[in-house]
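First comes the structure, then the notes that go with it.
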Amino acid sequence: MGLLLLVLILTPSLAAYRHPDFPLLEKAQQLLQSTGSPYSTNCWLCTSSSTETPGTAYPASPREWTSIEAELHISYRWDPNLKGLMRPANSLLSMVKQDFPDIRQKPPIFGPIFTNINLMGIAPICVMAKRKNGTNVGTLPSTVCNVTFTVDSNQQTYQTYTHNQFRHQPRFPKPPNITFPQGTLLDKSSRFCQGRPSSCSTRNFWFRPADYNQCLQISNLSSTAEWVLLDQTRNSLFWENKTKGANQSQTPCVQVLAGMTIATSYLGISAVSEFFGTSLTPLFHFHISTCLKTQGAFYICGQSIHQCLPSNWTGTCTIGYVTPDIFIAPGNLSLPIPIYGNSQLPRVRRAIHFIPLLAGLGILAGTGTGIAGITKASLTYSQLSKEIANNIDTMAKALTTMQEQIDSLAAVVLQNRRGLDMLTAAQGGICLALDEKCCFWVNQSGKVQDNIRQLLNQASSLRERATQGWLNWEGTWKWFSWVLPLTGPLVSLLLLLLFGPCLLNLITQFVSSRLQAIKLQTNLSAGRHPRNIQESPF
């Protein structure tokens, strides 16, 4: 298959190797140990350097859809026709923002994190959004989805936003709703969903509507003892164990399904009010995007992997985990494989059978049909996927700081081009002359350099270890070039020390026996009897 190895580790005991520069390999090593795998010791652990297939995606189980937490990111813009109403509109805006649960002002990371990722197995749940002018994030084929929910927007349907601060209550669009294939939901209902989620408090009607509906069982994802339930009012999923009481695991404040449906809305939330004028007056528009708060979980959309879905997204997505392509080979195999593409070494012609890490752990790719519990495979995917998320966060932090540095520099350059302080001293300086806010240089180059230096040090350490370590085959051959001439004398001396005393004893006995025989033969020739020879003083 022409596998090119990026990192190669060989040790008599893999459990003895621990290094912070290899978090993914460390995690793989720990998983092999915890599962009692026969490959937990004395094996080669390899990662692929192929950029075409950086890893493999695995879908989350139905129960994980009810436990993985999402978060919302909000931005807004005022209506261009809004005049003379900024003060009351600002008051309304602050109240509405407080009523949204778990809102994050930190800019999310948009765009695919990985591409050309293949999904292994069948996703239990997929969410499809169809927007004419939406941002396409990728589309999963229907053949890999067990149940597909389609999101419909209600941008033209309004309802009252109840708040005690207003005499005439503002009106907002209704939240988006979802449709599902015929036969997906059974008539069986449960009151298990009522009163949930309870991990946060909010007055926002999109999350805590006044009219609670009973949840309906999703037949394709449920078993006799474990039900996966859908609350169509709040667009939320719940997992109920029928053998236990009602007091079970707490539901996240913002569920994955709720966050995905909200982010599909065109312009998020459009606020209109009656009490500012005689007719409905547009005030401001919300843009809401969603991200997965649970570390290690990603949105899988087609062959693209996302950490966040933008506002007004379109496509077909599921959630799951991403694992790197890590392979195992038994330690008794000779693998003279060049590291980092060293072309000076001879190429190995024979094929080597590599074992995927998950196969070494005794895990097979599961499907999304009828599995409500969290499986051993899901936990493994989650642990490996968390290490990838940590690496992404490190790179994102460095890039974000660099962007802040560029923004700060751009502000100073634009300001300096408008004038010089010495030319506008009579007017109080350039800021007063231009009637603008004063911009100052915010030097964050130290943070940028520290973040980049950390990444470069990790890469440099790995590269140095690959080129100077004892596993470097080129260096090994140079080492043998001066050791080989000394091998012959050293081996000869060792053999002489081991077998020399034995050989000397044998030679002494042989010489002594030959001398006795010669002496006996001489006496017989002289006519003496052996007895006389023995009694003779001579």
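Using N, Cα and C of the backbone, Cβ positions are placed for all residues, glycine too.
A quick note: this is a predicted structure, and the numbers were derived from the prediction, not measured.
Database features, via Swiss-Prot:
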- 1-15: signal peptide (SIGNAL)
- 16-478: topological domain 'Extracellular' (TOPO_DOM)
- Cys43-Cys46: disulfide bond (DISULFID)
- 43-46: motif 'CXXC' (MOTIF)
- Asn133: N-linked glycosylation site (CARBOHYD)
- Asn146: N-linked glycosylation site (CARBOHYD)
- Asn177: N-linked glycosylation site (CARBOHYD)
- Asn220: N-linked glycosylation site (CARBOHYD)
- Asn241: N-linked glycosylation site (CARBOHYD)
- Asn247: N-linked glycosylation site (CARBOHYD)
- Asn312: N-linked glycosylation site (CARBOHYD)
- Asn332: N-linked glycosylation site (CARBOHYD)
- 414-430: motif 'CKS-17' (MOTIF)
- Cys431-Cys438: disulfide bond (DISULFID)
- 431-439: motif 'CX6CC' (MOTIF)
- Asn443: N-linked glycosylation site (CARBOHYD)
- 479-499: transmembrane segment (TRANSMEM)
- 500-538: topological domain 'Cytoplasmic' (TOPO_DOM)
Euclidean distance between Cα atoms of Asn177 (N-linked glycosylation site) and Asn241 (N-linked glycosylation site), Å: 26
Conformational class of Asn146 (N-linked glycosylation site) under the three-state DSSP mapping: strand
From glycosylation sites Asn133, Asn146, Asn177, Asn220, the one whose Cα lies nearest Asn312 (N-linked glycosylation site): Asn133
Candidate nearest Asn133 (N-linked glycosylation site) in space, where candidates are the glycosylation sites Asn146, Asn177, Asn220 and distance is Cα-Cα: Asn177
C-beta crowding around Asn146 (N-linked glycosylation site), within 10 angstroms: 21
Asn146 (N-linked glycosylation site) and Asn177 (N-linked glycosylation site), distance between Cα atoms, whole Å: 20
Asn312 (N-linked glycosylation site): secondary structure state under DSSP, collapsed to three categories: coil
Rounded inter-Cα distance in Å - Asn146 (N-linked glycosylation site), Asn220 (N-linked glycosylation site): 8
Predicted model, mean pLDDT over the topological domain 'Extracellular' (16-478): 67
Site with most surrounding Cβ atoms, counting all protein chains shown within 10 Å, from the glycosylation sites Asn220, Asn241: Asn220
